Protein chains: 2
Amino acid sequence: MSDQQPMRVAMVGLGTVGSGVIKILFEQAERITRRAGRPIVVESVVVRDPTKVRSVNLADDLIDTAIDVIEHPDVDVVCELIGGTTTAGDIVRQALQAGKHVVTANKALLCEQGDELFQLARELKRAIGFEAAVAGGVPIIEAVSQSLSANQITSLEGILNGTSNFILTEMLDRNVSYEDAVAKAQKKGYAEADPAMDVDGTDAAQKLTLLAQLAFGTKADLKQFPRQGIDKLDLADLKYADTLGYRIKLLAVARLADGSLELHTQPTLIRKYQPMADVDDAYNMIELEGDAVGKTWFSGMGAGQMPTASAVVSDLIDLAVGRAQKTFPLLDLWQSQKPLPILPADEIKRRYYLRFHAVDEPGTMAAVANILGENGVSIASCIQHESESSVKTSPKEPKIVPLVLMTHICTEGQMKAADKALMECSRIKKNFLRLPIRD
Amino acid sequence: MSDQQPMRVAMVGLGTVGSGVIKILFEQAERITRRAGRPIVVESVVVRDPTKVRSVNLADDLIDTAIDVIEHPDVDVVCELIGGTTTAGDIVRQALQAGKHVVTANKALLCEQGDELFQLARELKRAIGFEAAVAGGVPIIEAVSQSLSANQITSLEGILNGTSNFILTEMLDRNVSYEDAVAKAQKKGYAEADPAMDVDGTDAAQKLTLLAQLAFGTKADLKQFPRQGIDKLDLADLKYADTLGYRIKLLAVARLADGSLELHTQPTLIRKYQPMADVDDAYNMIELEGDAVGKTWFSGMGAGQMPTASAVVSDLIDLAVGRAQKTFPLLDLWQSQKPLPILPADEIKRRYYLRFHAVDEPGTMAAVANILGENGVSIASCIQHESESSVKTSPKEPKIVPLVLMTHICTEGQMKAADKALMECSRIKKNFLRLPIRD
């Protein structure tokens, strides 16, 4: 096999992931050749600053600064690893138009311009590999598009943001505040200096739209579904949930609901001892339910240099073998089925966790229960502690206590109306938080 | 795409799995055509008794009793779903020699004759799909041979026998004996009338050898590594393990150990809250560790009609798309790397759980500790209850009590010598059980 023509790769970007890819291709060349049926050779690496000191040593003649080398006839595949969306999008278009296949780890790019890029690749009979774009170390793109191809996926739920999961694990396990946990995540390299996209749910929601498009053939916009980050959670919430028998995880959900597609990315209470509740640290997990296979779980590191590089190299191997060229045109990315309508947010049905501070005096609980009842929401359980967290403001004023409620199933619309009425109630003071529950 | 030539399948066997395959191919024809890029058509179904009432309705002209129809020029793929090894082996050989690709769910066949059949397929440039042969609903063959192809797998550990896992879960959760749990498994259809192959570890060991060959390129014989079933476990052991912070699972292990391949299939104590410890009922889980990706987990139903049929149909789709024809010749089934030596059982190093009944009199623990110490085994923890399980045989004789020990790391060889010495000790009475521990 290895006497076949090598597959020649131009890499754009030599940051963390790029260096990892180089490390695997160079150090494990014999293994990669065996798995790919032919050598995978790095033809050139395009970087902005060739003088920068890097963690991998490359011969000077491999390094280039002119992007046009990706069009060279000696290049078969372009590996886009610079991140961002503007330049990255131009590079992918340029590569496809020059007749190259593309491998990318760039979920933001695919979320923003995926439809156009996928369509362009399809027209030009080229393939885009993007296993590394979602949950790096978890081969979930392959699972959805190949392994479970006999199934209609009926539900896809995932912990897709390792940074958020690390922060939540750290808070509960080490009994530290959100801010301290974020600082630790930054120190460990899991969170960027500005972790906004991770902790506000954007990153997980982007990954969800990609997975949902693959699994259901429906392209959703981030504005079309509820998205909530972990940045409003208190350590106290994780502890209340624990008392109630739950863990809180940033959960991205796409599932069939009466012919519509239900989508949301929110911190969610998950009953303890369910597989998804036990995923800790920076790990990711995706639970897929198929109409034939039933429930399946896929878990591994969601990001990091080598897990992501592993996914990029497996995409390169798929191209070298010729699998990707056969799989890509058959993906459910082209609305080959009638796209499902997205379930309006107000119609999403589930249980909810409510936490707020209220005045500790007779009639408060009755007032809260009345407001909920008037909006069609009924209470399933409740925690009201007379604990150290009760704040006595002054001898004259009544104490303020935290109140935690879990509801029975209701719609998001009913819950929203109830929220509004609760916040208008003079007995409820502040710190209002509402999270969905997954039983 | 769907104007391409259909792929025509001859099925042999229409039992549980075969009926499931028919159900998916017939009821979901539009979906399968879309995913496969062309229709997958059932050309004929070979059965022994055409008059038998079955759960799927097939037109009479599809049903055949003569095996030679698999050689018909209109057949592209033969799907072997009869089980057993003698006739099944002949059918696979006949199909390959007639130029057909093969899909099989038959792990016993592949374990016994896999080398010969894989080699034959390779020579004839045909592919064998066998995703359904290991952990039906878990796409582990694809994970090892494609998704993680950038990695050297360093460790592969799995709960591969759903029947055993169901029995162990049932015993601990419902507080029932081994025998009662087996009866329940039979009632639910998880266990055969004779569940020997499941509960004695043979089934899991067969699956392990297949996975090990794929992941490490080394073909092991069942006689070359320790194999132990769950049939000697008492409910008491599950409870002792629980007290010590562990679950007992039938765990199949293949891992690199200093240039050798360590293999074993044994009921194993797994620390609670590790993903593998929480796999309940008839679910399977495989934990794969790769040198780039780190740890990953794959879980789902290990058997059952529709999960297994899902795997068979995904193999058919891979053939229709043309992926399987490209992947199969590149699998690590041909000792393309120098095969790893199998670590001699006596050199396997781990901790152990020991349980036996001993005489409750001064000096017993000292005698046990001495015997272990003389064999290089040191005690890490111990349970000795004065509980209801103590049996007072007669006023004159001393009481017999169960003694449970956990050791520090030692070799299987040291432990075997210690076993022998313990069993020769007059203070130790009966019911000797030793299990490995995975921390």
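Every residue gets a Cβ built from N, Cα and C, even glycine.
The Cβ of A:GLY15 (NADP(+) binding site) lies under 8 Å from the Cβ of A:LEU81, A:ILE82, A:GLY83, each of which sits 6+ residues away along the same chain. The NADP(+) binding site annotation in TrEMBL covers A:VAL12, A:GLY13, A:LEU14, A:GLY15, A:THR16, A:VAL17, A:GLY18, A:SER19.
Annotated NADPH binding site per TrEMBL: A:LYS107, in sequence order. Sequence-distant neighbours of A:LYS107 (NADPH binding site): residues of the same chain at least 6 apart with a C-beta under 8 Å from its C-beta are A:PHE130, A:ALA133, A:VAL134, A:ASP203, A:GLN206, A:LYS207, A:LEU210.
Annotation source TrEMBL lists L-homoserine binding site at A:GLU192. Around the Cβ of A:GLU192 (L-homoserine binding site), a 10 Å sphere holds 12 further Cβ atoms from the protein chains shown. DSSP assigns A:GLU192 (L-homoserine binding site) to coil in the three-state reduction, outside any helix or strand.
In the three-state DSSP assignment, the secondary structure recorded for A:LYS207 (active site, proton donor) is helix. Under the heading active site, proton donor, TrEMBL lists A:LYS207.
Taken from TrEMBL, the feature domain 'ACT' covers A:353-436.
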> What is the pLDDT of the domain 'ACT' (A:353-436) when averaged and given as a whole number?
Replying inline: 86
> Between A:GLY13 (NADP(+) binding site) and A:GLU192 (L-homoserine binding site), how far is it from one CA atom to the other, in Å?
Replying inline: 18
> How many Å separate the Cα atoms of A:GLU192 (L-homoserine binding site) and A:THR16 (NADP(+) binding site)?
Replying inline: 13
>> Other residues near the NADP(+) site, CB within 8 A of the CB centroid of A:VAL12, A:GLY13, A:LEU14, A:GLY15, A:THR16, A:VAL17, A:GLY18, A:SER19?
In response: A:MET11, A:GLY20, A:VAL21, A:LEU81, A:ILE82
>> At a 10 Å cut-off from the C-beta of A:THR16 (NADP(+) binding site), count the other C-beta atoms across all protein chains.
In response: 17
>> Below 8 Å Cβ to Cβ and six or more residues apart, same chain only. Which residues does that give for A:SER19 (NADP(+) binding site)?
In response: A:ARG54, A:SER55, A:VAL56, A:GLN305
>> Given a separation of at least six residues and a C-beta threshold under 8 Å, show me what packs close to A:VAL17 (NADP(+) binding site) in the same chain.
In response: A:LEU81, A:ALA105, A:ALA132, A:GLN305, A:THR308, A:ALA309, A:VAL312
